[in-house]
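**Q** Take this structure first; my questions come after.
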Amino acid sequence: MEGPHLVLVFSGKRKSGKDYVTELIRERLGPDTCAVLRLSGPLKEQYAQEKGLDFQRLLDASGYKEKYRADMIAWGEERRNADPGFFCRIIIQGVTQPVWIVSDARRKSDIDWFLSCYGAVTQTVRVVASEETRKARGWIYTPDIDDADSECGLDQGTSFNWVITNNGDQESLDEQLHRLMDFIHSKLDSSV
Ligand SMILES: Nc1ncnc2c1ncn2[C@@H]1O[C@H](COP(=O)(O)OP(=O)(O)O)[C@@H](O)[C@H]1O
Ligand SMILES: C[C@@](O)(CCOP(=O)(O)OP(=O)(O)O)CC(=O)O
């Protein structure tokens, strides 16, 4: 079969644990089976290039990216408005693994793009954590970011195939991941 056997499109608010959870799944499936694709990757790369910033530092969970977040959001929005598939098309280039995880859908247009191209094999996954948990992970409510589309674009009007609650209880997370892993394996088995 050409193309992905399964595309999991993840979303969730900042510090909900999107990177953490998607990395766990990738570890369990292995790098030959699963690729984690980040829409923010090419966004940050091009933004850093244009603004003369440190791309590597924009990638980690430190304060550096937070300093530029508002401006990056505006920059990315311009690109997406002009072409909703702009970042989507870049991240899927040359990916050969059967399972694709898109770790950071933020807008309905991100999900719609994957549904329109890979709808038959796409599942949407929402990662949820309480405000208390997100605060403990370093989240500080920031107006114009936390109340804007980048964080709230998928709050309403989107249904998710899976919801993963990630409040730090490892046993509960493990149980939820087990269910998702069973599903992933069933899709892999049925496609061979
Ligand atoms: N279940 C968890 N157990 C321990 N640490 C976690 C868990 N989920 C997230 N974290 C930590 O919280 C921080 C934010 O998580 P991250 O995955 O970067 O969130 P997001 O990508 O949604 O902004 C990271 O330092 C991450 O390691
Ligand atoms: C400009 C952004 O792409 C920055 C995203 O950076 P990360 O994906 O690293 O952010 P969190 O995981 O939520 O902390 C947001 C956007 O609106 O596209």
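Just so it is clear, glycine is given a Cβ too, placed from its N, Cα and C backbone atoms.
No curator has checked TrEMBL annotations; they are predicted automatically.
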**Q** Which of these, ARG57, ARG69, ARG126, ARG137, does TrEMBL list as part of the ATP site with LYS13, ARG14, LYS15, SER16, GLY17, LYS18, ASP19, GLN176?
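**A** That ATP site, as TrEMBL gives it, pairs LYS13, ARG14, LYS15, SER16, GLY17, LYS18, ASP19, GLN176 with ARG137.
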**Q** Measuring Cα to Cα, how far is ASN166 (substrate binding site) from GLY17 (ATP binding site) in Å?
**A** 7
**Q** List those of the binding-site residues LYS13, ASP19, GLN176 whose Cβ lies under 6 Å from any atom of ligand 1, in sequence order, or write none if there are none.
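**A** ASP19, by Cβ distance under 6 Å.
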**Q** If you count, for each of the binding-site residues LYS13, GLY17, ASN166, the other Cβ atoms lying within 10 Å of its Cβ, which residue has the minimum?
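**A** Among the binding-site residues LYS13, GLY17, ASN166, the lowest count of other Cβ atoms within 10 Å belongs to LYS13.
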